[in-house]
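Worksheet: one structure, shown below.
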Amino acid sequence: MAKAKFERTKPHVNIGTIGHVDHGKTTLTAAITKVLHDAYPDLNEASAFDEIDKAPEEKARGITINISHVEYQTEKRHYAHVDAPGHADYIKNMITGAAQMDGAILVVAATDGPMPQTREHVLLARQVGVPYILVALNKADMVDDDEIIELVEMEVRELLAAQEFDEDAPVVKVSALKALEGDPEWTKNILELMAAVDESIPDPVRETEKPFLMPVEDVFTITGRGTVVTGRIERGVINVNEDVEIVGIKETKTKTTVTGIEMFRKLLDSGQAGDNVGLLVRGIKREDVERGQVVVKPGTTTPHTEFEGQAYILSKDEGGRHTPFFNNYRPQFYFRTTDVTGVVTLPEGTEMVMPGDNTEMSVKLIQPVAMDEGLRFAIREGGRTVGAGKVTKINK
């Protein structure tokens, strides 16, 4: 069969499985690919369980994560699905954003109900901004008593409500193992789950539809033409002759106009999210702009020095610190393209943070950085990554 080309016609949605270890996340991922392959063979290839379980290593912000990516299609949508086998891999993925999720399937074994990691994953999903969660009650073939299933469902709904997720989210009874074995009744339930995913996870807002932002990677002067700032457009679209602001690092913002856009030495009328471009900016000297600033649509992004974040601290084995850190820890915070020193305040009741822990922290930076809630950062000491995190709240 010819390899199907990537169709742009369908909405593309990133999802993942979350939940307690051994509740069947990876089995469910394999079952979804098999059932969709059997139902729509022209749209899907099947992925074997052992391929998904041997999750390849990836690096995100200097942290190694084991994570599997599979893709599949329903009639309505194209999905990229991430599954991380180990609990630590989940936490690292959610905090570093190696694989962003537009929505998640929370897998809860009907035999156990919500467990500590179930709660932790839902809490993290809230903190890192996963927009929507629905539920697969797995191993439902092993519970004969409907009352037990109803109790588990109630517990899961309470857990979602406690973290401000939709407590009326779909809860679908499944047996991933039975569906993998081809049992028709349980196969039908997987299709029901995917119909719920199609319906309940909202279409994501694509990066091109957001306001323009480009981190500055380099600045140089072209004789006779002026100053060019280069970088990869993070979001939005920029057109020639549009006004922009350059913000961050310095006390004041700089207003200017983009008079030219270049990509691969060709002149363009516009650039969009994902493009590596050079922007020719009017009336700006080379020394007015530096790496670490961002070029933005006027009024859309502001620089800040104080924020709260959720961070994962590398273990010694991962190349992180060998010792814990305490209040007033002063590492560098690497945002987009540059390091800025910051002072860490730990939450009340937390005396120290050990390598391998994840923690909340308040940070005060010595220079302002253009940021929004949800921005990712690395924590570094002398250029070596010792942690990664995400801004959960801006304080100043």
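The first residue you see is number 1, and the count goes up from there.
Yeah, the Cβs are placed from backbone N, Cα and C, and that goes for glycine too.
What you see is a predicted model, and the numbers here were worked out from it, not measured in a lab.
Here's what Swiss-Prot has on this protein:
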BINDING   19-26, 83-87, 138-141  GTP binding site
BINDING   T26  Mg(2+) binding site
DOMAIN    10-205  domain 'tr-type G'
REGION    19-26  region 'G1'
REGION    62-66  region 'G2'
REGION    83-86  region 'G3'
REGION    138-141  region 'G4'
Positions whose Cβ lies under 8 angstroms from the region 'G1' (19-26), at least six residues beyond its ends: 49, 52-53, 68, 83, 85-87, 106-109, 112, 114-118, 121, 138-139, 176-177
Helix-strand-coil residue split for the region 'G4' (138-141), DSSP-based: 2 helix, 1 strand, 1 coil
Same-chain residue ranges lying at least 6 outside the region 'G4' (138-141) that approach it to Cβ under 8 Å: 23-24, 27-28, 107-111, 149, 173-178, 186, 189
Cβ contacts under 8 Å made by the region 'G2' (62-66) with residues that lie 6+ beyond its boundaries: 55-56, 84-86, 89, 92-93, 96, 98, 312, 314, 318, 378, 380, 385, 388
Stretch-averaged pLDDT - the region 'G1' (19-26): 90
Of the binding-site residues listed as G19, A84, H87, A140, the one whose CA lies nearest the CA of T26 (Mg(2+) binding site): A84
Conformational class of G19 (GTP binding site) under the three-state DSSP mapping: strand
